[in-house]
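Notes to accompany the following structure.
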Amino acid sequence: MDALTLARWQFAITTVYHFFFVPITLGLSIAVAIMQTAYYRTGNESYKKMTKFWGKLFLINFAIGVVTGIVQEFQFGMNWSQYSRFMGDIFGAPLAVEALLAFFMESTFLGIWIFGWDKISKKFHLAAIWLVAIGSNLSAIWILAANSFMQQPVGYAVRNGRAEMTDFFAIITNGHLWVQFPHVFFGAVATAGFLILSISAYQLVKKGKHEVFTKSFKFGAIYAFVGSLLVILVGHSQAQYMVKIQPMKMAAAEALWESENPASMSLFTFGDEKNRKDVFAIKIPGALSFLAYNKFDGEVKGIKNLQKEEEEKFGPGDYVPPVAVSYWTFRIMVGAGFLMLLITLLSTIQVFKSKFEFKPIWYKIVFWSMVLPWIANTTGWLFTEIARQPWTVFGLFKTADSVSNTVSAGEVGFSLVAYTLIYAVLMIIMIGLMKKYATRDVDEIEKEEKEIDNSVLSKA
Amino acid sequence: MDLNTIWFVLIAVLFIGFFFLEGFDYGVGILLPFLGKEDRERRAIINSIGTFWDGNEVWMLTAGGAMFAAFPNWYATLFSGFYLALVVMLLALIARGVAFEYRSKKDDPVWRNRWDWVIFAGSFIPALLWGVAISNIIRGVPIDDKMNFTGNFFTLLNPYSLIGGIASLLLFTLHGSIFLSLKLSDNLLDGARKVAKKLWLPATILLFIYVILGYFETDMFSKLGVNPGVIPILAGLAILSVGYLLKIQKEGWAFVMTGITIAFSTITIFMGLFPRVMVSSTNPDWSLTIYNASSSPYTLKVMTIVAVIFVPIVLAYQAWSYWIFRKRVSTKQKLEY
């Protein structure tokens, strides 16, 4: 394999891996902050236990999110130096602001939060976790501002052989950012909600109806329901936005070879990507037009037509992304999203109706549905980035031109193997720890802490 | 001062912050398995930086982000050029960060001991490699007329950069041992003081060898002149004073002095570089400078506004967090990590 292919694999693996942890950081930081606010307001000890229990899981997750984030920041220069030269004037700024505005805030106040129990006032300690939550989510806005530029370049001019920023305000008010960030944000809320919901389901089955977990289950169900519902609604407007700015992406998502008016939506397509035609397909007439424009007519452009258009605009070349991958990742994401909505809706209804007298099978379903948000998050990002190909910056700069020209295939191969190995080992360790802390007896937490102190004091 | 110069200074400031702060937490990580004999002791040592290490590391991330934003060509050439060295450093930092959080989450001596050595290696490697990297930047590496690094991993390994690496390693470890003298209590405090005293002489000697080698290996001194000015001299005097201050147990002042040594040495190197950001050993005209490597004036202006507003805020709340957790750590207290 050549350096470009290896660098792309490395970017995909490290980024997908990083994003296993990011949504939990974004969503769970807010959840823990809400729980601690409830404790602060009511003084109810079970809220404190909730804060501590979910806070521990948050920290186990956060550690890997942080360290894999370092690789992300360095990787642009290390593996994509030509991209960095071309895009640095625009892309570097949000990254630097992200570090200055968000990373400092979340890391400093997380330290204060971990070590501040009983050392600082309750009010300030509560403020610390909120600042962590705000810092984490601010960082998402800035990195997505950078990504949104790659999807829809705005506020720039090509000068001196590179893209130069002409309007910082345009970059942070980029229309793409403000459909993408809510989508990522509510996706993160849903992901964290599902984690809480699933683990609570496990605890309720194994350890009985403990107040901490009936409360957590209820919280998780509502939190994940709100997240799932809004991520779908925002996703819909994001798709409509995509039709306008990246029609090729939409065409690939639907395996729509020819322009259609009204356009039909594919339920299932088995296609021939090489010859750009369907082998077998089931379609709903007019549905794609409705998806794109909220009405049952209106042209949606097809892959072949767009290929022609882009050739006229950008010169000869292949402008079609991998269609099968785009088509299936998009469908898996949407499918997982609707399943999430269904499960959380039913869970929420049951919580209010049956007071936790569920059938055991329901707990099982809820528990295993934990994987759904991860599937949706991963396929969603794979779709977003793969269906933009051959571009790194849409219409402006190609992936093939972005890679570092001084880093050999051997060197990238080495780092690819090294990162993959260390990430795999960390994953195993992390899951082990998560399991340990997710399945422990919540009443033991306080006892354990006291015992440690006593054992120390008796020794002294 | 033009915007390019302001950003050169700002990046120097970020590196000073990074080396000063993470310098001591690297040092603490390196000393951990040697100073801490039993588990509670090791935990106390980790807890002495528990609140801070993550925030300290953000100084490195911000320096990297600022390089990307203000001098994209510097970021691109340096990071792609020093590829394998950086991969090794990233692996170290990945393992280290996780180790702090995971180490005490299982009550298993084997597990904990393993993580302690991960913390050691994860601190040792970057403490060494940053010295190697900075030395190569100032000494010069092969860079062609298109700003591409044309050397390989072994280009980076030369006597000057290796001495630089060992010097930064020893200096950070010394800095860390003095930090521990300020943060620990009882037996651990005695241990930290002893180590600091032992480390001072080798660190000082290495630093002076590094400076002498710098006369031959870099053009820093021909640029700065025979009298290099007050800053390098103060850096040298500061490290000399540390030996005495440790003897009379003025660790607070000793810490200030290793801090000054780190800060002023970094300033000296940046002064020697200026207005270059990476020296080309192939042809001096192909060096990267604050002008040919920089972003557009507009981006520099935007970033200056952001920096002017937020750097003081960050400094204020980070300083505050140090103030909140200023108390010494003891093995007898409740330990979070």
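Glycine too: its Cβ is placed from the backbone N, Cα and C atoms.
Note that this is a predicted model, so its numbers are computed, not measured.
If you look up TrEMBL, you'll see B:6-32, B:74-94, B:115-138, B:158-178, B:199-216, B:228-246, B:253-278, B:298-325 marked as transmembrane segment.
Here the transmembrane segment (B:228-246) has long-range neighbours at 171, 174, 178, 193, 196-197, 200-201, 203-204, 207-208, 211, 221, 253-254, 257-258, 260-261, 263-265, 267-268, 271, meaning same-chain residues at least 6 beyond its ends whose C-beta is under 8 angstroms from one of its own. When each of the listed stretches B:74-94, B:115-138, B:158-178, B:199-216, B:298-325 is scored by C-beta pairs under 8 angstroms to the transmembrane segment (B:253-278), B:158-178 comes out highest. Long-range contacts of the transmembrane segment (B:298-325) within the same chain: residues 3-4, 6-7, 10, 13, 51-52, 55, 66, 69-70, each at least 6 residues beyond the stretch ends and with a Cβ under 8 Å from a Cβ of the stretch.
Here the transmembrane segment (B:74-94) has long-range neighbours at 57, 64, 67-68, 121-126, 129, 132-133, 136-137, 141, 143, 147-149, 151, 153, 156, 277-278, 288, 293, meaning same-chain residues at least 6 beyond its ends whose C-beta is under 8 angstroms from one of its own. For the transmembrane segment (B:158-178), same-chain residues at least 6 beyond its ends with a Cβ under 8 Å from one of its own Cβ atoms are 19, 23-31, 124, 127-136, 139, 192, 195-196, 199-200, 202-203, 206-207, 209-210, 213-214, 217-218, 239, 242, 246, 251, 254-255, 258-259, 261-262, 265.
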